[in-house]
Amino acid sequence: MAAGSAIQIPSRLPLLLTHESVLLPGSTMRTSVDSPRNMQLVRSRLLKGTSLRSTIIGVIPNTSDPTSDCDDLPNLHRIGTAALAVQVVGSNWPKPHYTLLVTGLCRFQILQLLKEKPYPVAEVQQLDRLEQFTNGHKSEEELGELSEQFYKYAVQLVEMLDMSVPAVAKLRRLLDNLPREALPDILTSIIRTTNQEKLQILDAVRLEERFKMTIPLLVRQIEGLKLLQKTRKSKQDDDKRVVAIRPNRRISHGSITEDEEEEEDHDDVVMLEKKIRTSSMSEQALKVCLKEIKRLKKMPQSMPEYALTRNYLELMVELPWNKSTKDRLEIRAARIVLDNDHYAMEKLKKRVLEYLAVRQLKNNLKGPILCFVGPPGVGKTSVGRSIAKTLGREFHRIALGGVCDQSDIRGHRRTYVGSMPGRIINGLKTVGVNNPVFLLDEVDKLAKSLQGDPAAALLEVLDPEQNHSFTDHYLNVAFDLSQVLFIATANTTATIPPALLDRMEVIQVPGYTQEEKIEIAHRHLIPKQLELHGLTPQQIQIPQVTTLGIITRYTREAGVRALDRKLGAICRAVAVKVAEGQHKEAKPDRAEVGEGEDCKEHVTEDAKPESISDTADLALPPEMPILIDFHALKDILGPPMYDMEVSERLSQPGVAIGLAWTPLGGEIMFVEASRMDGEGQLTLTGQLGDVMKESAHLAISWLRSNAKRYQLTNASGSFDLLDNTDIHLHFPAGAVTKDGPSAGVTIVTCLASLFSGRLVCSDVAMTGEITLRGLVLPVGGIKDKVLAAHRAGLKRIIIPQRNEKDLEEIAAHVRQELSFVLAGCLDEVLNAAFDGGFAVKARLEHLNSKL
Ligand code: ADP
């Protein structure tokens, strides 16, 4: 402070209203400016003004919430500090904002508010007489004893701090040189005091009062430091420095032990350093962190890099370098958990148990990474969760669908603005242990882009030989991932990059049969939905036939997700009914009035339960349990979405049903053919891939070469099928891309039907690749395809002979309901696809019936 110079502050001062901090004369404060009034003040007074006078402003503390002072000026504190604005730092991002560095000069009192907008200006009276400092020994004599006592404590306090810190040494010099009158203000702003205490000091206009109030604060600080020194000998240096540099910290009025705790809490950087030293991070990481914290200490807080470095260090401290949960692996218990959580999926559960058993015997994770591949909603994620449960580990799901930037996996380098760690490191931070179960969901949907290939980044994560030193770009030090149990899920292996697939053991999770779905619904989905909607089995009853109805008429999927949603919709509708009922029960009179004949119509065979479709008797409280029958289904879910359309569509020659495999499970697929006069052209429509187009050409070539044998003719009776004839083959659902060789047999059958004019049996579906010589080769996805045919109500399925082994995977009851034809060559396919076979003789029959 400019002691000795006779400073007279202007009699009119613009007022800066601060909310949190209190500026005392002789101290410097950095304050952030974001309220409209303060912004105006900075803009029109400080940024535009050129004279020294214009940099003097009045700082009024303790204003209530200055950010919301749009219209009315809040009540202002009567006394404030005239201050010199030393520095204005501004930024426009993310929103306009200034930081102001102000040095307190002297107290003033507001006499009269002259204007309120755009920023307040007041007529003020200076309270501290600055010119007295040079010659004013009068007050010192008067207050001799008080000021001596104060000075003694001040010296004691400063001596407890480390003189090697420049700020402390400067303070020591100031103590000797400054007039004593100035000391209470300066010391109060340096030691730890609350805003309230500072405000009291500011309000103490009389010097005597000020000395009296400051002494207890000094004593408290000295006691606190003494205790602290005992416990933190080694880190004294930093503490004192922070005490000296950051004067505005609050502490509570609690006991001295609390002070000590508070002290530790508030010295953020020191705390951070302590945390770093006590954390169990690797040696390499520790070295990097200590280097960073050293830089942090030297950095001004306003530097953008300060926040970056701090975030980085905080992440490093938070990471579970050495923290893990204890595995409690017990195979019998694991089996029970898996069985309880999931119905069916025996093959998957068996493989998972084997995997866990090996882990129990051999305490080592270097096994293959399991990858569950199957259609959506078949329980892949949920099995992953159960595995975590059986192991007693934390579970974390990382959705990889659509990830196209390798930084998503491996983090951004810290040089980028907004850089952050990758999903793996983030996941570890979230779970807080280093041995969670990570479920890498949808690995087949990773994409590539200019930002690199995330699949390649995953290679390092998943390779047990490499992942003990996985280096995230953001961390820039190695983190050991070898304790993490990775499980991947995908809908198809086709789009998983081969190198990634190579690291994983694929376990196929096929779709469910209708019977399995009914069981899953009744054992798992319905109880779960009831609980979610606050219903009990006494309130709603969903019979198995209804569930079957939902499965066949409202869903067509391999998994159970849509089924789950439909059940949710039913529960919601019932919840409304139940809630309404409760409401009406409270008014029984109305309920009786509504009882009329109408109600009888809706009573089901079981006299008690009531259908939700009853709309006529809304006035009645519903009788419990509410039975969900087909009427109710229609009311809630609308008309059925899928009908059995198969037989209708096979009412003309030239249509056959094939079986296709898609990432969403198996599907039945119609193939349609028509012929017309032309020049032997083949037209293919329906978004076909190259392989499928080739199959179509193969089929035509084979039929042409065998036309005589089967008595197939074109419209003009010629055995040259393409003579003056064009053929059009169409695969409906034209928006969906189709490819693969397995439609070969279906195309042959469809064309054979077209050229022979005979109908393909309406309950037959088929799949198989063909060769030019008429052999039928095996194809994949048999189980899914068979289930799709079963769902669609087909009875006979033609599959390649060499796929016979795949039938074993299919549940016995499904096999019983279907008849399988194992075909080795196309003759056998055609024989099975047409009623009465497709031998040479058939032509005569056909001719008889057709002509
Ligand atoms: P996915 O990951 O294969 O797409 P989810 O694991 O998310 O499917 O499963 C969807 C829902 O179906 C979950 O609520 C799950 O509990 C349930 N579910 C799927 N299969 C079964 C099963 N076999 N037994 C019990 N619930 C199942």
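Every residue gets a Cβ built from N, Cα and C, even glycine.
Because TrEMBL annotations are produced automatically, they should be read as predictions rather than curated entries.
Source: prediction; values computed, not measured.
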According to TrEMBL, which of these ranges is region 'Disordered': 234-260, 585-611?
585-611
Based on a Cβ-to-ligand 1 distance below 6 Å, what subset of the recorded positions P375, V378, S742 would you report?
V378
For a quick check of packing: other C-beta atoms within 10 Å of the C-beta of P376 (ATP binding site), how many?
19
Winner by Cβ contact number (other Cβ atoms within 10 Å) across the recorded positions T381, S742:
S742
Express the predicted model's confidence over the domain 'Lon N-terminal' (13-222) as a mean pLDDT, rounded to an integer.
80
Using only C-alpha positions, which one of G374, G379, T381 is spatially nearest K785 (active site)? These are the binding-site residues in the record.
G374
Could you give the Cα-Cα distance between S742 (active site) and P375 (ATP binding site), in whole Å?
19
Cβ-based neighbourhood (8 Å from the centroid) of the ATP site, residues G374, P375, P376, G377, V378, G379, K380, T381 excluded:
F372, T489, V509, A558, G559, R561
